Every structure is written in C-alpha cells, then in structure tokens.
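Notes for the one structure printed next.
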Amino acid sequence: MQGFFWKTWLVVALCGTSSSLAHRPLSYGEALELALSIYNSKAGEESLFRLLEAVPQPEWDPLSEGSQQLNFTIKETVCQVEEERPLEECGFQEDGVVLECTGYYFFGETPPVVVLTCVPVGGVEEEEEDEEEQKAEVEKDEEKEDEEKDRPKRVKRFKKFFKKLKNSVKKRVKKFFRKPRVIGVTFPF
C-alpha cells in the first residue's frame, strides 16, 4: 500500500513539474501573429483586421519568463470574420478603422497570458471636427432663432434645452464607442 502511495505521489509531482517548465520560445513575429489572431477572434468585430505596421522590439527575448510588450497598428479589411479567409487575401478597406494596439505577454503565468489593448487612431482630429460641427450648428440655430422671434419664450427655452440634451447625448455616444478594447486570454504552448 505504501509503495502505491509513493508511486502515485511521484506521478502527480512529475505532472505538476512538467506544466511549470519553460514555455516554447515565441519569436516577435509569432507573437504579432498570435496577437492579431486573438484580436480577430475575440474582439467581436464584423470585419477582420490585418497588420498595418509593427514597431520593432530589439529587446524582445523569446526565452523570457517575465512579461514582454509589443506595439503594432492594425487596419480593417474587406473580409468578414465568418468568411475565415487567410488575411493575406484580404485587402484593406479604403476608409477602414485603424487601431493602435499594445500587447503584453506574461510568460511567468501558467498558462501564459496575453492582454491586448487597441484604441482608434485619430481621436483628437475627430474631436476637433466634432467641435467645428457643433459651432456651425449653433450658428445656424442662432439664425433660426432670429427668424422665430415671434414664438413664445417657453417654446424657445424648450428648444434650447432639447438642443443641449441632443448634443450631450451625441457626444457621450461617440465617446462610448471610442473606448479602447481590452482583451485578455490564456494560450497553451
């Protein structure tokens, strides 16, 4: 009976040790491919995204047991997710969404963990355009108000209130959809 206990204990110890052994080396190119594959499968987008640009990481260590960071830019393609076509066959959309992504690989975890954060490019320019549109809209509204001087003050106040409410809702909706997407997954080696 004691022999059986020790044999079982030895098998359990070996299994536990083998899972904590070093991970398979992951080159920078493989890490980019894996990150892109994870984004396309987990982000919930309708279109596939393809690598537009990768920032070289000279300090990338494929044998590292710590964390590794990579930065890259992806762009929306004409291919849909459900088509399951190779990315090389998918051209970029003319006005496709461009995302700047940062990926963190945590190799010290068992199993290793990847966390991706992607944010749309051009957020500042879009905000400036939105402000210009709002200013133009306010000017038009002021012109209309001058024409509508015969209306009661109550109607004017309600109109002004609902205009502010509309602009506020528009702004919040745009902000909501600009939030970065964060994806975290574990992957086996």
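Yeah, the Cβs are placed from backbone N, Cα and C, and that goes for glycine too.
Per Swiss-Prot, signal peptide is recorded for 1-22, and the stated evidence type is sequence analysis.
Cβ neighbour count for Cys90 (disulfide bond) (all protein chains, 10 Å cutoff from its Cβ): 18. Per Swiss-Prot, disulfide bond is recorded for Cys79-Cys90 (among others).
Packing around Cys101 (disulfide bond) is summarised by its Cβ count: 23 other Cβ atoms lie within 10 angstroms of its Cβ, all protein chains included. Annotation comment: Swiss-Prot describes Cys101-Cys118 (among others) as disulfide bond.
Annotated region 'Disordered' per Swiss-Prot: 125-152, in sequence order.
Sequence annotations record features per position, and here Swiss-Prot assigns compositional bias 'Acidic residues' to 125-148.
For Cys79 (disulfide bond) paired with Cys118 (disulfide bond), the C-alpha to C-alpha distance reads 19 Å.
DSSP assigns Cys79 (disulfide bond) to a strand segment in the three-state reduction. In the three-state DSSP reading, Cys101 (disulfide bond) counts as strand.
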